[in-house]
Amino acid sequence: MSKRDYYDVLGVAKDADKKDIKKAYRSLANKYHPDKNPDNPEALDKFKELAEAYEILSSDDKRAAYDRFGHDGVNGQAGGYGGAGAGGFSDIFGDVFGDIFGGGGGGQSRTRRGSDLRYTLELDLEQAVWGCEEKIRIPTLVNCKTCDGSGAKKGSTPKTCGTCGGAGQVRMSQGFFSVQQTCPECHGAGQVISDPCRDCHGQGRVQEYKTLNVKIPAGVDTGDRIRLSGEGEAGTHGGPAGDLFVQVSVKPHSIFERDGANLYCEVPISFTTAALGGEIDVPTLDGRVRLKVTAECQSGKLFRLRNKGVKPVRGGPVGDLICKVVVETPVNLTSRQKELFTELAESMGEGTDHSPKQKSWFDGVKRFFDDIKK
């Protein structure tokens, strides 16, 4: 009888990742588990098929061979139910279903790496652009100095677990299966502590606050992460420490907005400067510069100052500062100033020669109403 496609067996797409494959297998294998279907031989066959499919698709090498050559590429490599041996199906079953049946978990190592930590660091825009060094204080778990991380009272030592013989796991029979589970006595440590340390209560770790100096490279932006290896929580039973990930968050700036390597700002200019032109001071992150405003400048016009932006942290050219001019309408006018504006308005007449956008707008309105009348 020809075998079904392994992807169809698990009900996953051919580009499914390991997480989705494991999730699908776990759900279906739990459904067709022989212990739940003791009088259903079809369920047992289905369970065998699921186990075989998962063994192939959960292995990068076997999956690659299967994707290329189909079942011919993996013949003899799938152990299936009852054929995988000590390192085959029982390991798969323990990895996937350990928590359902009271423990499990593949791997024999008793050491455990410490957890990674994350710290969100708020920076001013200037700090992010130029780089800086910041001091942070984080809560973490460190090795207990009293017992040197052993968890045992000073002068005593942990003893080999009598239940698992130091392996950290025990083999349990459940129905048709012999599976490995985490030892219920030592919880996987392989050792038991009869006289625990008073400071860490046998855990081997205590909580402390740790102060670190973090060097922030120039050009970072919100969302960037800085990894500090070994600065996470201490491992257990001699395991390595985790890492600390510093997440950058740049605070809003009162003048500038950042988009990648470019900076943006609005620059207010007077009515007369917009009409006649002139030079104005524009702020940049490294000082003021003079910007020449052309005559008859309209509100919203953009001026680009080359290389006045940000040099990206991952390399590349320095960005630009893009200035958007905003023409301000004069306020708090004196009587004389109002007279002058009245004279100016009269000199311009009723036409729109001096207001090209206004003329374009009125032309558009006229076409709109002409179309309605048709």
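Glycine residues also receive a Cβ, built from the backbone N, Cα and C atoms like all the rest.
Database features (Swiss-Prot):
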{"type": "DOMAIN", "residues": "5-70", "note": "domain 'J'"}
{"type": "ZN_FING", "residues": "131-209", "note": "zinc finger"}
{"type": "BINDING", "residues": "Cys144, Cys147, Cys197, Cys200", "note": "Zn(2+) 1 binding site"}
{"type": "REPEAT", "residues": "144-151", "note": "repeat 'CXXCXGXG motif'"}
{"type": "REPEAT", "residues": "161-168", "note": "repeat 'CXXCXGXG motif'"}
{"type": "BINDING", "residues": "Cys161, Cys164, Cys183, Cys186", "note": "Zn(2+) 2 binding site"}
{"type": "REPEAT", "residues": "183-190", "note": "repeat 'CXXCXGXG motif'"}
{"type": "REPEAT", "residues": "197-204", "note": "repeat 'CXXCXGXG motif'"}
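Each residue in Lys145, Thr146, Asp148, Gly149, Ser150, Gly151, Ala152, Pro196, Arg198, Asp199, His201, Gly202, Gln203, Gly204, Arg205, Val206 lies on the same chain as Cys144, Cys147, Cys197, Cys200 and has a C-beta within 8 Å of the C-beta centroid of that Zn(2+) 1 site, without being one of the site residues. Between Cys147 (Zn(2+) 1 binding site) and Cys186 (Zn(2+) 2 binding site), the C-alpha separation comes to 18 Å. Checked against Cys144 (Zn(2+) 1 binding site) by C-alpha proximity, the binding-site residues Cys161, Cys164, Cys183, Cys186 yield Cys186 as the nearest. Residues belonging to the domain 'J' (5-70) score a mean pLDDT of 85 in the model. Of the chain residues outside the Zn(2+) 2 site list Cys161, Cys164, Cys183, Cys186, Gly162, Thr163, Gly165, Gly166, Ala167, Gly168, Gln169, Val170, Pro184, Glu185, His187, Gly188, Ala189, Gly190, Gln191, Val192 have their Cβ within 8 Å of the site's Cβ mean position. The two recorded residues, Cys186 (Zn(2+) 2 binding site) and Cys200 (Zn(2+) 1 binding site), have Cα atoms 17 Å apart. Residue counts for the repeat 'CXXCXGXG motif' (197-204) by DSSP state, with H, G and I taken as helix and E and B as strand, are 0 helix, 0 strand, 8 coil. Cβ contacts within 10 Å of Cys161 (Zn(2+) 2 binding site), excluding its own Cβ and spanning all protein chains shown: 21. When the Cα atoms are compared, Cys161 (Zn(2+) 2 binding site) and Cys197 (Zn(2+) 1 binding site) turn out to be 18 Å apart.
Each residue contributes its Cα atom, and for Cys183 (Zn(2+) 2 binding site) and Cys197 (Zn(2+) 1 binding site) those atoms are 22 Å apart.
Its Cβ placed at the centre, Cys197 (Zn(2+) 1 binding site) has 22 other Cβ atoms within 10 Å.
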